[in-house]
Structure formats: structure tokens, C-alpha cells
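Participant: Got a structure here, written out as C-alpha cells. Questions coming.
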Amino acid sequence: MNCNTTEGVRICSQCNNKIKDPNLIRCPRCNNILLKKCSECKGCSIFKKMG
Amino acid sequence: MDCCNISHQIDIPEGARKVVLAGNPNVGKSIFFNSFTGVYVDVSNFPGTTLDISSGKFRDYVIIDTPGVYGVSSFNDEEIVARDAIASADLVVNVIDAVHLERDLFLTQQIIDMGIPTIVAINMMDEAKKNGLQINIDRLSEELGVPVIPTIAPKGEGLDKVKNSLHLAEIGNSSIKLTKELEEITKKSTNKAEAVLIMEGDPHVIAKNNVEVIDYREQVYLDRRERVNNIIDRVVTETTDSTSFSTKLGRLMLKPLTGIPMLLGALYLLYEFVGVFIAQTVVGITEETIFIETYEPFIRGIVENFIPESSFIGQILIGEFGILTMSVTYTLGLLLPLVVGFYLFLSVLEDSGYLPRIAALVDRLLTSIGLNGRAVIPMILGFGCVTMATITTRMLGSKRERIIAVFLLGLAIPCSAQIGVIVGLIAPLGVKYLIIYAITIFIVYVLSGTILNKILPGESTDLLIDLPPLRIPRIGNVLRKTYMKSISFIKEAGPIFIIGAIAITLLQYSGILVAIQNAVEPITVGWLGLPKETATAFIMGIVRRDFGAAGLSSLTMTADQTIVSLVTITLFVPCIAAMIIMLKERSKTEAVTIWISSWVIAFITGGILYRVLSLFA
């Protein structure tokens, strides 16, 4: 998981379960497919760098 | 915090046993609850939440309904209420959806792990059969260690058997492998149910039992998921014929050689339905006949009894861009039919299972411009209305992809209202000019996406989607989705049109509009080679893109000038409605940067095209 947030946690969009294991493809709780990377990586915006 | 006991909130007669109905959202618990309790139901508010708990009597039992949840925890209010009800239950009737066992059995196993006597009602067995799923009920019961009763609740099938089987509830087979740890914690806590919740790190239960904070949640969840997956492997068989027509068609949709012609065919149908039938025939009636010819004269007549149209307030209310005239006509006469038509088409694509296949098909192409296949949905929606498509970019996986998608939508995707006018203007010029227009826009789209992909840090998210089986769309589903999405859009975008109308009226009334036209003349005439009056069309395009395009139709221009003006106005800034949504969806800096960039790109492209066409003139 390519992420530079301090927590490195993905949150399931269906059941709000927090997943720390970067290798999981599905949420263990509700089986929803997870995004591979952290949804809100702070490094992903050029505007943040300019700011 | 006091937790884990629902008895404080509900009146439980002495000697009555508490039966809790639990299950995931939308599994049909309400039907079971109504079947158990009939008409006489008590509703109590759960303190500290806006949730109500329904309870009723059935024989010697008190039946307690709970909100639909994916698990028992303190993630949100619904799960807290469910947790407290389940933890203090004498027995649980767990309703699960036979079509989604992989999702629903987690909660089942969690309740079993908590050591609470359980009966499982496996609902929607008819849907499971339609989807080609064969479930071995006896084997499932054996694996879980609790009675499992098949039901089709909407038809009433199986409900009586559930009601008559409450005494058969069992404590089932646990999935917890950390047995020593669980034993230790159980000694320090109220009961096994709370011990399991403590192991899973529930802060309220930990505080109530005054134990040290421990968190085996991740391990417990993984063990439970492994157990559920093993059970499903053993009890579920898929009987769908791999040579069936729908399976073969689904495969053809994914292969580029067959999938792309099918997609082009679908897009053509979309164009015919929304771009021709809705945008021209239906909107011709709603916008022209109903609103412009009937409603607007009517409302002007009423308002003018009190306020003259020529006054400032009169202009705001019933002027050329009035909130009671243009805003209402625009929202209900133009946009509503387009929005309904578009969402109807999209709901058909979704319900049939075709939409995720489109996403898979175009994923590779979209990855090259920094997006993934999921972005095809807002891109398709953008051809309906960029404002509505911008809202849909919330579904994309990362902030990076949302920025790229919003930028491309605002820059290079003409909305259906604009397309209608553009096609009307290009058609008389011939196919050559249509090709020049389409190629220019496509080049700008791909170049912009590629550049953004290179300069924005990070990578696209991978496309991971479930491909549901293909099926004939269900009319009820399609109409319901269309209705909900259309209403939601009108509620979000409607107020914005009012703000836009007020803004443009202010500009016009104050004379700033004319001043702007004069200021941009060096660009419109000098750089783009267009008549000076095209500036008015560009300014109108800021409020309404189709209005901007339509403004060009009244000007006398050569074929080359027409194409240059149409390309420029297509790439020009998004309309005010789309801009306000962009400000809401993105940060102010990002939205303003997108706005300024579209000015620059539109005029540079227009100027280059003018010079290229001049070389061949």
C-alpha cells in the first residue's frame, strides 16, 4: 500500500471497518472490495505541495 | 458509558424472554418483525441517538427489532444499538440474505462467537435460485451449529416455521482461535458476549468492565472471515450454466474486439435517447411549450402587478435571467427531463450488469490518462450534464483521480444541451468539420489527462470490481434508482441555478457585462479571428453552456470561424452550476485553478486551430 499518512489505514466504504493490513483485497467484515491504496493520501495533491 | 443492556430502554415483563431480530441492512427483518408482533408495537428512543427501537410481544417473548448492521461493534449508532440488544438477548433470530452469504454470515458467526443462542432465517431463497445458487441448508446448519430455516419473507414462506422454532435456538460453533485469551478475558467480564467484544477492542464494553485495553480485533476478524469463507465453499454451489447466453454475452462485452463496438452501439443509443429524443423532442415541449410559452408569461403577469420588470428587483425575479423565469425554466423545463432521461439510461446499464463491464473494458485506456475504469461513469454522465457528473466523481478511488476527472469534465466534455446546439450548427457544414471538431476535442482531452497524470504525484488506483451476472433490468429497480438520483440532483443543483441567475442579472444590470465584452475583444478578434460579438456568447456560456453555443448561431461566420468558436466554447469554462459544485467537491484552490486553466486551454487551442485552418484555406 503506497501511503504516507501516519496511520496507513483504509476504511471500508460499506461498513466503516478500519483495515491496517495492506494486502487485503476485501473487507474481512462485509466482504466489500477495498481500494488498494489509502483513500486520502496526503501526498497525492500538487496543490497541497504548492500550498 | 453504560452499555450492553437494552432492558433499560424497553419494558420487559417479568419472565418474558428477549428475542432480538438481527441482520445486515435490507435483508427483510421488518417482515419478520411484523409477522411476529402484528399491529401492536412499542417504539422507544435509544438515548444519545436519533434511533428508535421497536419491540412487541409474541407469546412469552418480547421481540426486539434492531437496525441493519454488518457487525456488532461501536463503529456507529446503529451498531451500538444492535450491540446492546444482542449482548442482552436471550436468543437471536438472525436474518440473512441467501444471495449474499459471504457478506451476511460474518454477523451470524459473530453472534455465535458471543455465545448467544441463535436461529438463522436464510431469506430470499427465490432470488438465490434465480442467481444460480444452490445452498445446502442442512450442511450450513451443521457447520454453524444452529438451526437454519429457509424463507421467502415477502411471500410469507417459512415465517411460521421460524416462529415455531424459537425453542430450538442453539449456541453454535465458535470461530475464535485465541481460546486462552478469551478464557482469561471472560473471567474478568460480565459474560462471554462482552468478553468477545472486549477482545475486539470495543471501548464502551472495555470501560464498562473496567479491564485493560486490548485489541485482537484484526486477528479475530480474519479468523472469522476465514471460517465464513470455508463454510461458503462447503455449502454453496453455483449452478449457472457457463455456456448460457448471458454468460457468453458478458464475456464478449469484456473483449476489446467485440466489446468496443458494443460500447459504441450503447453510446449511440444513449445519444439517440438523451441527445435527440429527450434533448430535442421532450425538452422542446417542456422548455418551450410549457415553460417559456405558458409559465413565464403567467408568472411575469403576476409579479408585474406588484413590481415592474424593468426595476432591479423585477429583473432579479422575472428578467431575462430571473430566478422565477430562467432558473425555473432551466431547472424544470430543460434539466429535469435531461437528468431523468440520463439516469434512466444509466440505471438500465447498472441494473443489467453492463456498467461494471464497461469500466473493465475501458480501464486500460483511462489508466493512460491517470484514471481507472470506474471514471467511465462520470465521463458518460458528463455528456448529460457536467454538474451532475462532477458530483459522481466522489466514487473515484483517490483525490488524484477526482482532480483529473473533474478537470477533464470541466474542460473537454460538452453536456447534452450543448451537444444539441453544436450538432445543429456543425451539421450544415458537412462531415469534414464534424471530424475536425471531434478530433480537436479528443486530442485536448487525451493530452490534458496525460499531462495531469505525469505532474500529479501518486498513481491511479487499481480497478477492482465485482462483475455481477448479466440480467434483464428490473423495471421497479430502474424506476426507483432514477427517481432517487433525479431528486437528489435537483435538490443539489437547483439552488445553484438561482445563485447563477442572480449573478448574471447583477452583471447585466450594472453594465459590467458590456465592459467585459469590450475588454476581451483583442482575444476574440485578434487571436481567434472571430467577430467581436462572440464575446457575448462566451460570457453567456459561463452561465449556460448551451446558451453560449446558441449565441453563436445568430452570428454570421464562415465555416472555419464556426468551428473555431465551437471548439473554443466547448473547452471554455464550465457553467456556473458546475463551478459551484466543483468548489463544493474540490478545494477552492483546485476549483479556481481548473477554471483559469480552461480559459487558457480554450483560447490557446482556438487560436492554434484558427491558424492551422488558415494554412489550408
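Each Cβ is built from the backbone N, Cα and C atoms, and glycine gets one as well.
Annotation source TrEMBL lists GTP binding site at B:23-30, B:48-52, B:65-68, B:123-126. Look at TrEMBL and you will find B:Asn34, B:Ser35, B:Thr37, B:Gly38 tagged as Mg(2+) binding site. The feature domain 'FeoB-type G' is assigned by TrEMBL to B:16-172. According to TrEMBL, the feature transmembrane segment maps to B:252-271, B:321-345, B:365-391, B:403-427, B:433-452, B:493-516, B:563-583, B:592-613.
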Participant: Which one, from the binding-site residues B:Asn26, B:Asn34, B:Ser35, B:Thr37, has the smallest tally of other C-beta atoms lying within 10 Å of its C-beta?
Facilitator: B:Asn26
Participant: Is the transmembrane segment (B:592-613) packed against any residues at least 6 beyond its ends, judged by a Cβ distance under 8 Å, and which are they?
Facilitator: 406-407, 410-411, 436, 440, 444, 448, 523, 527-529, 560, 563-565, 567-574, 579, 582, 586
Participant: May I ask you to report the DSSP-based helix, strand or coil state of B:Met124 (GTP binding site)?
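Facilitator: Assignment for B:Met124 (GTP binding site) reads coil.
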Participant: Have the transmembrane segment (B:433-452) and the transmembrane segment (B:493-516) got at least three CB pairs under 8 Å, pairs 6 or more apart in sequence?
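Facilitator: When sequence-distant Cβ pairs are counted, the transmembrane segment (B:493-516) does not touch the transmembrane segment (B:433-452), since fewer than 3 lie under 8 Å.
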Participant: Where else in the chain does the transmembrane segment (B:493-516) make close Cβ contacts, counting only residues six or more beyond its ends and a cut-off under 8 Å?
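Facilitator: For the transmembrane segment (B:493-516), the far contacts come to 312, 315-316, 319-323, 326-327, 330-331, 335, 387-388, 535, 539, 542-543, 575-577, 580-581.
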Participant: How far is it from B:Asn26 (GTP binding site) to B:Thr37 (Mg(2+) binding site), counting Cα to Cα, in Å?
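Facilitator: About 19 Å separate the Cα atoms of these two residues.
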Participant: Go through the chain and flag residues at least 6 beyond the ends of the transmembrane segment (B:321-345) whose CB is under 8 A from any CB in it; none is fine as an answer.
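Facilitator: Same-chain residues near the transmembrane segment (B:321-345) but 6 or more away: 269-270, 273-274, 277-279, 282-283, 286-288, 290-292, 295-296, 299-300, 303, 315, 381, 384-385, 388, 416-417, 478, 481-482, 485-486, 489-490, 493-494, 497-498, 500-502, 504-505, 508, 543-544, 546.
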Participant: Just to confirm my parser: what is the rounded mean pLDDT across the domain 'FeoB-type G' (B:16-172)?
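Facilitator: Average per-residue pLDDT within the domain 'FeoB-type G' (B:16-172): 90.
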Participant: Roughly how many angstrom lie between the C-alpha atoms of B:Gly23 (GTP binding site) and B:Asn34 (Mg(2+) binding site)?
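Facilitator: Each residue's Cα considered, B:Gly23 (GTP binding site) and B:Asn34 (Mg(2+) binding site) end up 15 Å apart.
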Participant: When you measure from the Cβ of B:Met124 (GTP binding site), which residues in the chain that are at least 6 apart have a Cβ under 8 Å away?
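Facilitator: When sequence neighbours closer than 6 are ignored, B:Met124 (GTP binding site) has B:Val27, B:Gly28, B:Asp97, B:Ala98, B:Val99, B:Ile152, B:Ala153 within Cβ distance under 8 Å.
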